[in-house]
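Taken verbatim from TrEMBL:
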- 20-40: transmembrane segment (TRANSMEM)
- 36-142: domain 'Peptidase S24/S26A/S26B/S26C' (DOMAIN)
- 138-155: transmembrane segment (TRANSMEM)
- 161-177: transmembrane segment (TRANSMEM)
Amino acid sequence: MGWIGETMDSIKSIQIRQLLTQAVSLGMIVTSALIIWKALMCITGSESPVVVVLSGSMEPGFKRGDILFLHMSKDPIRAGEIVVFNVDGREIPIVHRVIKVHERQDGEVDILTKGDNNYGDDRLLYAQGQLWLQRHHIMGRAVGFLPYVGWVTIIMTEKPIIKYILIGALGLLVITSKD
């Protein structure tokens, strides 16, 4: 019968109490992950403390699939820093380098960005009619990275069937676990 037969027998023999225990365990794992994420948000001051580089616009510094760790402080943003920003009308944040900072007399700061591997600045990426980013567009500054680890996220986003297979396999593992 093999592995599949043993798995089916295991599922059939599950009792309600064991099923509830597994469901509570799964809930605690999910809750723990959310608590860790919220704690990282508080510590880093960034709404998204970890992001995945999705394009090659920052090569050779950061490659597609690298994970960036972000921090957002009250310090002024300076040219040369790598920032992650949101643009009105776009869902996905962008990782690029600050190339110009214009400090206005009212204390506000205008920021212009560019991808290291791009020919021109990012004004074409900004919302229509927008020439500069303001501080509220900036999600965080890159303070570290892990190369290639983000490929898991990219693959699951580009090939949703893999995500569903993985979730299904993990769910089956939790249900059939004897512990």
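Every residue gets a Cβ built from N, Cα and C, even glycine.
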Q | Residues of the domain 'Peptidase S24/S26A/S26B/S26C' (36-142) by DSSP state, where helix covers H, G and I | A | 15 helix, 34 strand, 58 coil
Q) So which residues does the transmembrane segment (138-155) touch in its own chain, when a touch means Cβ under 8 Å and the partner is 6 or more beyond its ends? A) 44-49, 51-54, 62-73, 77, 81-86, 93, 95, 111, 162
Q) Along the domain 'Peptidase S24/S26A/S26B/S26C' (36-142), what average pLDDT does this model show? A) 90
